[in-house]
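Enquirer: First the structure, which I've put down as structure tokens, then a few questions once you've had a look.
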């Protein structure tokens with residue numbers, strides 16, 4: 001059986017840790033080649049499974065065969081892991097992954113949607129310094145408090161709406177929701193939950209991590225296949241632009257009903273309100 005990690009930020013994105021790297025310590029975990037390239041800062045392989053699943057030209061008839069050919073070979077008892085950032089928010093992904101394997105286990109890493117939106121904007125701003133302000137993008141009418149749901153940075157954080165689509169194809173027992181905040185505060189503890197969910201022996205512990213004060217995130221003391229520590233690249237851990245406190249309050253008010261519905265659906269209060 002296979003595992004798909006549904007993440008909307010690659011690696012650490014202010015709280016979202018990249019699973020394949022720390023899980024590489026587990027001998028029964030094999031991640032896809034495309035993701036391995038991504039984890040070390042190389043361009044993702046054009047033949048990675050995520051590139052096939054998310055395409056508008058997804059080969060409906062041959063899709064399963066194509067996807068299986070792209071997965072790494074594994075031995076009996078090993079688990080294949082694939083992670084692509086846009087799975088969770090792509091409408092077609094649940095049905096396509098279910099068609100590949102209804103037994104797939106799903107890891108969903110979530111973070112406070114307001115912080116996530118600001119982080120998303122920070123990432124875009126670093127590439128396009130001339131983009132409009134966060135406030136002008138986040139609201140259709142700021143004075144009326146009308147949030148622009150069509151902006152991707154806002155829309156991605158409507159976790160309950162995305163989850164509803166996945167629950168049409170997968171039972172909740174095949175999903176594990178991981179707190180991005182706790183993943184930063186206690187990476188070994190949160191990854192312990194992941195190992196239990198996957199039926200893996202608990203190998204990853206506190207001894208594998210140290211906290212990088214500059215980045216503000218934990219790092220691996222020794223990366224898989226290397227004698228050197230593994231920390232986030234230069235694109236991660238950027239300082240956020242200063243956002244007006246009233247804007248953040250308005251966004252928290254906007255997300256509150258969606259967050260509470262998400263808590264009910266997952267049976268877990270992530271404490272974002």
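Every residue gets a Cβ built from N, Cα and C, even glycine.
Take a look at what TrEMBL says about it:
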BINDING   111, 119, 236, 237, 238, 239, 240  3'-phosphoadenylyl sulfate binding site
DISULFID  219-231  disulfide bond
DOMAIN    97-261  domain 'Sulfotransferase'
Enquirer: Can you give me the average pLDDT across the domain 'Sulfotransferase' (97-261), rounded to a whole number?
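Expert: Averaged over the domain 'Sulfotransferase' (97-261), per-residue pLDDT gives 88.
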Enquirer: Which ones in the same chain are close to residue 238 (3'-phosphoadenylyl sulfate binding site), with CB under 8 Å and 6+ residues apart in sequence?
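Expert: In sequence order, 122, 123, 126 meet the Cβ cut-off.
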Enquirer: Of all the binding-site residues given, 111, 240, which has the fewest Cβ neighbours within 10 Å once its own Cβ is left out?
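Expert: Counting other Cβ atoms within 10 Å of each of the binding-site residues 111, 240, the minimum falls on 240.
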Enquirer: Can you count the other CB atoms that lie within 10 A of the CB of residue 231 (disulfide bond)?
Expert: 18
Enquirer: Applying a 10 Å Cβ distance cut-off over all chains shown, what neighbour count does residue 219 (disulfide bond) have?
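Expert: Its Cβ has 17 other Cβ atoms within 10 Å.
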Enquirer: If you draw a 10 Å sphere on the Cβ of residue 119 (3'-phosphoadenylyl sulfate binding site), how many other Cβ atoms land inside?
Expert: 22
